[in-house]
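Take a look at the structure set out below.
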């Protein structure tokens with residue numbers, strides 16, 4: 001086992017604090033609408049330019065092991081805030097640095113670290129409660145656009161596209177961000193339910209120009225197993241032909257004689273039909289077939305449920321206003337399922353998302369939820385160079401998470417002002433001793449840090465801005481760093497999601513509290529490389 005180096009008390013805290021400062025100072029320059037860029041060297045390819053706090057934090061690794069521990073603890077703040085709220089990583093880092101600095105001073109002056117931490121926790125609890133009470137629900141499309149614009153560092157175009165995407169697919173819909181081949185931002189919205197399965201034979205195509213199958217007001221037959229023989233299907237096929245409506249068959253597979261018979265009937269013009277494979281695999285396939293059944297008001301033909309193909313009636317079939325099938329995808333628009341059934345299924349999937357511990361399962365469940373509840377929107381981000389595209393994509397990702405957070409828990413005045421306004425919640429908090437009272441005062445001072453940093457990044461004096469904000473008690477009154485004006489931040493469109501502000505403060509205080517209460521640090525001793533031995537002379541004469 002390698003030898004370890006141990007540092008205690010002030011020596012440990014000083015080394016750790018240096019690491020915290022290096023990390024925070026690199027991240028904090030990106031805060032606010034006039035935040036600066038950070039250039040990150042890559043081992044291959046062009047350097048990456050970003051204004052995303054968590055991206056900067058993830059790149060920092062320090063040579064000194066003890067300093068690095070402090071930096072990595074601060075990186076944890078950014079990562080946790082990013083995971084919970086998707087944005088606010090720089091705010092969380094700035095808050096954590098402020099709490100750690102003030103806490104370290106208090107510990108150095110002889111106060112009990114555990115009581116300080118208890119005081120910090122009491123203060124954060126009170127502030128979070130006050131933030132929740134003051135959050136305003138997001139109702140208008142314009143407010144969503146404002147949240148997205150702020151999070152995208154003032155890019156109104158990104159804000160507009162995200163608001164449009166949210167409006168079209170709803171709060172439960174899936175919005176994905178991809179890199180575009182052009183220099184513009186593009187939005188593509190897929191209506192209805194789409195899954196990655198195309199037609200089983202090109203002979204089913206009805207629109208030769210677009211090379212796809214288009215069925216209007218169609219029936220849908222959902223079968224869990226393979227179809228290789230149509231004998232059992234003849235009664236239901238005859239009923240469909242009499243109705244004069246098209247039919248889409250979704251089964252594990254349609255092969256051999258069954259597929260040939262369907263193609264021949266389609267070509268002869270007797271039957272408007274198409275067949276596709278069921279999406280997914282194993283148990284996920286069963287769940288997705290059930291989703292399609294609920295969306296279209298049909299029933300999955302499954303022997304496990306005691307439903308046989310030969311006993312199928314028209315009531316078993318699903319219905320949809322429009323179905324489009326191309327080589328790789330099938331889209332079902334406007335299914336005939338009842339709103340109550342779809343709502344019940346959505347609630348069931350949401351419960352599964354809450355329970356699952358697997359990121360992969362959660363992602364797949366969210367995809368299913370989107371297909372049932374809203375739709376899928378794809379935002380394609382373009383730019384002149386690869387570096388620009390990546391930087392813009394980072395900002396769109398941040399903005400997307402911020403808008404979701406705003407819809408979830410509401411909005412607050414932006415620019416760090418919300419934290420300043422709820423400081424009154426700390427007045428009169430009951431504490432067990434003076435050290436806990438100092439912990440509360442640490443948080444009172446620390447929550448000014450985001451406003452000060454935003455002001456400094458915009459070229460203003462932080463203490464002057466904080467002083468002017470304190471002169472007025474109006475909750476929404478603040479400073480717009482983009483324009484340099486004071487006024488109602490809600491009206492100016494400078495707003496932050498309540499979830500982002502809350503998560504930033506909670507995560508910052510959590511990690512900062514641990515750093516303040518650290519009394520010893522252990523790291524591996526760096527290995528000293530000795531001088532290599534001189535090679536033997538090999539019989540040379542001197």
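Glycine is treated like the rest: Cβ placed from N, Cα and C.
Just one of 170, 415, 428 is listed by Swiss-Prot for the same ATP site as 30, 31, 32, 33, 51, 87, 88, 89, 90, 91, 496, and that one is 415. Cβ neighbour counts within 10 Å, taken over all protein chains shown, single out 88 as the most crowded of the binding-site residues 32, 88.
Remark: residue 51 (ATP binding site) has 30, 35, 36, 37, 38, 153, 391, 394, 395 as non-local neighbours, by Cβ distance under 8 Å and separation of at least 6 in sequence. Within the set 30, 31, 32, 33, 51, 87, 88, 89, 90, 91, 415, 496 that the record links to ATP, no two Cα atoms are more than 17 Å apart, and one pair reaches that distance. Considering other CB atoms within 10 Å as the measure, the emptiest surroundings among the binding-site residues 30, 90 are those of 30. Sequence-distant contacts of residue 415 (ATP binding site), defined as residues of its own chain at least six apart whose C-beta falls under 8 angstroms from its C-beta, comprise 32, 450, 451, 454, 478, 479, 480, 481, 489, 494, 496.
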